[in-house]
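*Asks:* I'd like to ask some things about the structure below.
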Amino acid sequence: MLSEFDLIKRYFAQHHIQDSRVALGIGDDCALLNPSPGMQMAISSDMLVSGRHFFPDAAPRMLGHKCLAVNLSDLAAMGAKPIAFTLALSLPEANPAWLAEFSAGLLALADEHQCHLIGGDTTKGPLNICITIFGELPPGTALRRDAARSGDDIWVSGSLGDARLALAAYWNEVSLDPQVHQQAALRMHTPSPRIALGMALRGIAHAALDISDGLAGDLGHILDKSGVGATLLIDQLPAGPVLQTQPQDLRRQFTLNGGDDYELCFTAAVSNRQQILAAATQSNTVVTRIGQIDSASGLRLLDDEGKDLHLAYQSFDHFVNP
Ligand code: ADP
Ligand code: MG
């Protein structure tokens, strides 16, 4: 039987962390961080609950990736550079095969972003994974939700809707070829946090957030906080490679309302278009211009002919949906 301490040591304690920003990692009562001189810290937590955010039998390697990816995505949305994270884990049992896979997925993504696991807590209970992440950025450069201005372009990174399409296929709302379904499901299980893009947008973009619950609903947060409205060009929304092959109505719905995309939605002055495209190139990320911030409140949806569309665009809400 694996003791709690053996479990931590075997699966989560990383080898000596070589990063001057981490003074002390796992093993004491607290970890100790030294953010780079003059930097401000960005901190965020996300909890993933079995049966609510992922299937109880989810592949553990992808689950490890995803629970860190959603936290990294929050740093990306502020323009912050990752430093470290803590992991609070509630596990029904100490299953070595599951733990080996889960920690491999988690720590591979951590390495990729030089984001170090510095502590946490482990307890027996229903499967529940909570990560708190720490990042840094120069004071005054964070990409905040309240910073959109009337006349700004609205941009989105990558593509939207494949994760939602995969979910629709699991729920038998649509039928997909198994191979195609798998391709879409990869988007759902292994999102790519847009850290490099977020950092490159500092000082160029105004407002930003990451899309977790669906573009329309999440953009609504920027509009609320900034006291503005927006017009989206619904047929300009970049559908994921799998969703692109689906009928127009589904494309529109899932690019607009699909959750789990973890792309960045951001706004920037029209005069900064070239700089935004340069930031995208520099960070090896595709970006698409999808609309405009307006002074009139509310969200308007125009099709390619300029016709106003009245689609339902409520975002997924954990307390409304079953
Ligand atoms: P405490 O009794 O102070 O809560 P623990 O015995 O829970 O300490 O943890 C011992 C050390 O292991 C601490 O440094 C803690 O941060 C770390 N730790 C516990 N669980 C995890 C985990 N799931 N991942 C990473 N570090 C962990
Ligand atoms: Mg503890």
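Backbone N, Cα and C define each Cβ position, glycine as well.
Those TrEMBL annotations? Automatic predictions, nothing curated.
Features from TrEMBL:
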type    : residues                       : note
BINDING : ASP29, SER44, ASP74            : Mg(2+) 4 binding site
BINDING : ASP29, ASP74, ASP210           : Mg(2+) 3 binding site
BINDING : SER45, ASP46, ASP121           : Mg(2+) 1 binding site
BINDING : ASP46, ASP74                   : Mg(2+) 2 binding site
BINDING : HIS53, ASP260, PHE316          : substrate binding site
BINDING : GLY120, ASP121, ARG145, SER212 : ATP binding site
BINDING : ASP213                         : Mg(2+) 5 binding site
DOMAIN  : 27-136                         : domain 'PurM-like N-terminal'
DOMAIN  : 150-301                        : domain 'PurM-like C-terminal'
*Asks:* Which residues, same chain and not among SER45, ASP46, ASP121, have a CB within 8 angstroms of the centroid of the CB atoms at the recorded Mg(2+) 1 site?
*Replies:* MET47, THR86, LEU87, ALA88, ILE129, CYS130, ILE131, THR132
*Asks:* Taking the Cβ of ASP121 (Mg(2+) 1 binding site) as the reference point, list residues of the same chain whose Cβ is under 8 angstroms away and which are at least six residues distant in sequence.
*Replies:* ALA88, LEU89
*Asks:* Consider the binding-site residues SER44, SER45, ASP74 and say which one has the Cα lying nearest the Cα of ARG145 (ATP binding site).
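*Replies:* Result for ARG145 (ATP binding site): the nearest of the binding-site residues is ASP74.
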*Asks:* Compute the C-alpha separation of HIS53 (substrate binding site) from ASP29 (Mg(2+) 4 binding site), stating it in Å without decimals.
*Replies:* 30
*Asks:* Considering only the binding-site residues ASP29, GLY120, ARG145, which possess a Cβ situated under 6 angstroms from at least one atom of ligand 1?
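*Replies:* Those binding-site residues that pass the cut-off, since their Cβ is under 6 Å from ligand 1, are ASP29, GLY120.
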*Asks:* In sequence order, which same-chain residues at least six apart have a C-beta under 8 angstroms from SER45 (Mg(2+) 1 binding site)?
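*Replies:* Non-local contacts for SER45 (Mg(2+) 1 binding site): ASN71, CYS130, ILE131, THR132, ILE133.
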*Asks:* Between GLY120 (ATP binding site) and ASP29 (Mg(2+) 4 binding site), how far is it from one CA atom to the other, in Å?
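*Replies:* Here the two Cα atoms lie 10 Å apart.
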*Asks:* Cα-Cα, whole number of Å: SER212 (ATP binding site) versus ASP46 (Mg(2+) 1 binding site)?
*Replies:* 11
*Asks:* Please classify the secondary structure at ASP29 (Mg(2+) 4 binding site) using three-state DSSP.
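*Replies:* It is coil.
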